[in-house]
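In what follows, a structure is listed as structure tokens, so that the remarks can point back to it.
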């Protein structure tokens with residue numbers, strides 16, 4: 001498990017302009033991949049690509065709720081690099097916490113459109129490309145601890161991550177015959193753009209998550225999630241598919257047991 005674990009691989013990372021996606025872009029290119037960063041945040045995405053090096057990373061602006069834009073992002077990648085080996089479907093949104101009695105259904109629809117429909121569109125078009133080229137690819141989706149249990153996250157976000165995990169498992173069944181693996185990576189609370197807006201809120205999120213965590217002495221960072229995604233993207237996990245790899249310090253297991 002040393003050396004260039006993605007040497008020569010072509011990777012799309014959605015939500016790659018910040019947080020877990022940006023960490024994954026840096027890590028994957030360190031391991032020999034060429035990465036296309038897909039995001040709506042154009043300035044941030046371009047800056048990440050430039051910081052990595054434009055010989056290894058490029059940016060493509062895409063609204064993942066628009067299937068035509070998703071298809072074009074995959075086409076751009078294949079035209080630029082000749083193939084697609086890995087999709088890290090990481091883009092997501094999260095609404096504020098609130099009572100189910102006051103559920104904002106417009107916000108619910110937006111969350112589902114990004115977190116589920118957008119992921120489904122990318123899985124569809126990435127898999128089509130892999131099948132057409134005979135690539136035994138890997139698809140990794142950022143799910144969440146909230147895909148396993150209710151309670152920690154907002155209602156719409158929790159529902160979307162449960163749905164996404166179902167999609168991962170269903171796609172695993174449909175794509176296995178082509179040699180394509182599909183897995184989820186499920187973090188506990190991480191201080192990223194979804195949860196934090198400045199240094200003060202980063203500390204608040206990390207303090208809260210550390211206080212409620214099962215595993216003490218470690219603060220979960222975006223890099224830890226990127227490490228898990230690297231494992232699932234690489235041939236180190238060559239016979240792993242349909243799994244939801246928890247990066248939660250045992251939170252989901254212990255909470256399920258205690259409940």
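Cβ atoms are placed via backbone N, Cα and C, with glycine included.
Here's what Swiss-Prot has on this protein:
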BINDING   12-36  NAD(+) binding site
BINDING   144  substrate binding site
ACT_SITE  157  active site, proton acceptor
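The secondary structure of the residue listed as 'active site, proton acceptor', as reduced to three states from DSSP, is helical. When the alpha carbons of residue 32 (NAD(+) binding site) and residue 157 (active site, proton acceptor) are compared, the span between them is 33 angstrom.
Summarising the environment of residue 144 (substrate binding site), the number of other Cβ atoms within 10 Å of its Cβ, over all protein chains shown, is 32. Remark: of the binding-site residues 16, 32, the most isolated position is 32 (fewest other Cβ atoms within 10 Å of its Cβ). Annotation note: residue 144 (substrate binding site) sits in a coil segment as assigned by DSSP. Sorting the recorded positions 28, 157 by the number of other Cβ atoms within 10 Å puts 28 first.
With a cut-off of 8 Å between CB atoms and residues at least 6 apart in sequence, the same chain places 35, 36, 38, 73, 74, 77, 84, 86, 87, 88, 122, 126 near residue 12 (NAD(+) binding site), listed in sequence order. Taking CA atoms as the reference points, residue 28 (NAD(+) binding site) and residue 144 (substrate binding site) are 21 Å apart.
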